[in-house]
Amino acid sequence: MRALRAPVLVMGLVLLICTAAQSDASANKVEKTLRRIMEIMRQVENSADDESAQKTESAPEPKDTHHLKTASGETILEIFPRDLSRKEKFITILTGRRLSNPLRHQSCVFETSDLVVFHPSGPLYFGPKCKKDVYRLYHNTRDCTIPAHYKRCARLLTRLAGTRKCQEG
């Protein structure tokens, strides 16, 4: 819509200038004004191109990373916390253990055939039918995305692991 306003505005200005220009003396002013308007339009177009180039540069990576496979051919599900600086705290709460090098571990990798999450009460096993539920719970609930609610997230994952659907397979 913003792109539509600029040409309409320019056309209005050109029409106004053309109707106001009645003598040869004002014709030079009109030409100068038209040149100035054209320069402004070029600047607007260049800035719009620069903005779109910046948006495309910051575009997210392709979804090819979701199709990672293990040596046995099973798909790997990677879970990334929203705030990577809090990764160590999240792992500490869920596992009860500290990571030796938190910068080295950028994601929790789970095999989809048997998802395993380590929890203070022991490891949680998720069957292959539960992959989508674990992914949705981890990424789409505020309990697993807000650092203050990580204990709730651990409780929800524990409850999910106890369901019939996740224990099958």
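Note: Cβ is positioned from N, Cα and C throughout, glycine not excepted.
As the structure is a computational prediction, the values presented were derived from the model and not from experiment.
For CYS166, the disulfide partner named by Swiss-Prot from the candidate list CYS108, CYS130, CYS144 is CYS130. For CYS153, the disulfide partner named by Swiss-Prot from the candidate list CYS108, CYS144 is CYS144. Here CYS130 (disulfide bond) is positioned 17 angstrom away from CYS144 (disulfide bond), judged by their C-alpha atoms.
CYS130 (disulfide bond) sits 16 Å from CYS153 (disulfide bond), taking the Cα positions as reference.
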